[in-house]
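Colleague: Before anything else, here's the structure in question.
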C-alpha cells in the first residue's frame, strides 16, 4: 500500500502546493500531477482547449490513435526480440468525455513518445497524470442508532428527548433524482422501496453490483425510507470504484459526465412534458484522492448544468483544499461532526469546507441482503446527509410541469441558502479558517421560503 491514501487516516504529505507542473518546453502543454496521490503508470488525462469542438476532437482522436498504433507496432518488434529487449504494449484511448458541454478531453494508457507528441498539439490545454481514487472508509465502528438525521433537524444539541427524533416533511425528496457516484448501490434493499436503479458501471469489465457496501451506505443516508434524509428521492447508482473501494481519476471524471448527461436529458424531457413530477437532480461523491484539476473542473461543469453536488471533505485531518473533488468550489464540500457536536477527529477542514454534517457512527443500508445495515464513520457519511438535504430542499419546490412552477432554484442559490440557514457556532474544535456551520433541514417545515426566511441560528 506504499503511497496509497487508502483506508487509514494518513497525515498530509506536504505543506507545499499539492500540484506539481512538469517543465514546459517549446510551447508544449504542461503535464500536471498531484504530489499527494498515487499515480497510475503511463496513464494520462488529456484536456482540450476551449475552442475545440466535437469534429476537431474526433479528428484529434484519430490522430492520436494513429500515433499510438505506430508506437505499439515498434514495440511489438521489440517484444519479438529484434532489438534485444522485451516490453509491454500500451492500451491507447480508454475514455473520451465532454462534461455538460463544457470540459472536453480523453484518458488513456500511452507510451511517453505518444504523450510528447500530444502535448505539442495546438488543441491540448494540459495533460494530467491519472491517479488512484478511493472512498473514505470508516476510521471507527460502533453499533449505534442513526442520530445524524435527528441532529440536522434540531437547532440545539441533542438530548435524551431528541436524539432519535427526526423532524421532516413527509414528501421530502419526491421528484428528485440522486446520483451516487461511488461503489454502486444495493438496489434491491427494502429501504429504497423500489426507488433505486442501476445507472452506469464505469470501470471496464466490472459488474453492476456493489461489492463493497460504501455506495449503498451513502445511498441509504440520502434516500432510504428509514435511514435517509430525503425519503422519497430516486437513487441512481454510478459505479466508479471497484469492490476494493479504489479506482482511477479518469473513471470518476467519466462517471461525473454520465450523471451530468443523465440530468440534462431528464431536465429536457421534463420541459417537453415527458418526465412528470421531475424537480431536479443531486449528486454525491464520498471519495477522493490527490488534487485533480480535471475532476474539479468536471464537478464544476456538472453544477453549471444544474446539478446540486455534495462532496466529502476527506478524512486526513488536513486542509480540504489539497484534495479532489473537495476543492471543487461550486460543489458543497462537507466535513464531519460527532454526536457531541465536535469536529470529528479525522475530518478535513479549511476554507474549502463549506459545512458540516453528522459523520461519526452513522447507521445506514448495506450489502449482503435486502435487509442489511451497517454503522460506519467518515466524511463519506457526512456528505450524503448534505446530498439528501439538497434533494429535500429541491423537492419543496413545485415540479417543472406544475401549474405553480416557479423559476428553478440554481445550485449556487441553494448552496447559499444551505449555508444561510445552517446552525452557526454549534461545533467545537473548528479551526479559525473553517466555517463553523452545521446543516439544518428546517425542523420539519415543508415551506422552503419560510425556512430560508428564518436564516441562521
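Glycine is treated like the rest: Cβ placed from N, Cα and C.
Here Swiss-Prot flags 182, 214, 380 as active site, charge relay system, drawing on sequence analysis. As annotated by Swiss-Prot, domain 'Inhibitor I9' applies to 43-134. Sequence annotations record features per position, and here Swiss-Prot assigns domain 'Peptidase S8' to 146-457. Residues or ranges marked as N-linked glycosylation site in Swiss-Prot (evidence: sequence analysis): 244, 284, 447. If you look up Swiss-Prot, you'll see 1-16 marked as signal peptide, on the strength of sequence analysis. Under the heading site 'Important for catalytic activity', Swiss-Prot lists 315.
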Colleague: Which of these recorded positions has the least crowded Cβ, counting other Cβ atoms within 10 Å: 284, 315?
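Modeller: Checked 284, 315; of these recorded positions, fewest Cβ neighbours within 10 Å: 315.
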Colleague: When the Cα of residue 315 (site 'Important for catalytic activity') is compared with the Cα of each of the recorded positions 182, 244, 284, 380, 447, which one is closest?
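Modeller: Answer for the nearest of the recorded positions: 380.
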Colleague: Please count the residues of the domain 'Inhibitor I9' (43-134) that DSSP assigns to helix (H, G, I), strand (E, B) and coil.
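Modeller: Residue counts for the domain 'Inhibitor I9' (43-134) by secondary structure: 33 helix, 32 strand, 27 coil.
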Colleague: Could you pull the average pLDDT for the domain 'Peptidase S8' (146-457)?
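Modeller: Summing pLDDT over the domain 'Peptidase S8' (146-457) and dividing by its length gives 94.
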Colleague: Per DSSP, residue 182 (active site, charge relay system) is which: helix, strand or coil?
Modeller: strand
Colleague: If one measures from the C-alpha of residue 182 (active site, charge relay system) to the C-alpha of residue 284 (N-linked glycosylation site), what distance in angstrom results, rounded to a whole number?
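Modeller: Cα-Cα, rounded: 8 Å.
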Colleague: Hey, of the recorded positions listed (244, 380, 447), which one tops the CB count within 10 A?
Modeller: 380
Colleague: When you rank 214, 244, 284, 380 by Cα distance to residue 447 (N-linked glycosylation site), which of the recorded positions ends up on top as the closest?
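Modeller: Comparing Cα positions, the candidate nearest residue 447 (N-linked glycosylation site) turns out to be 284.
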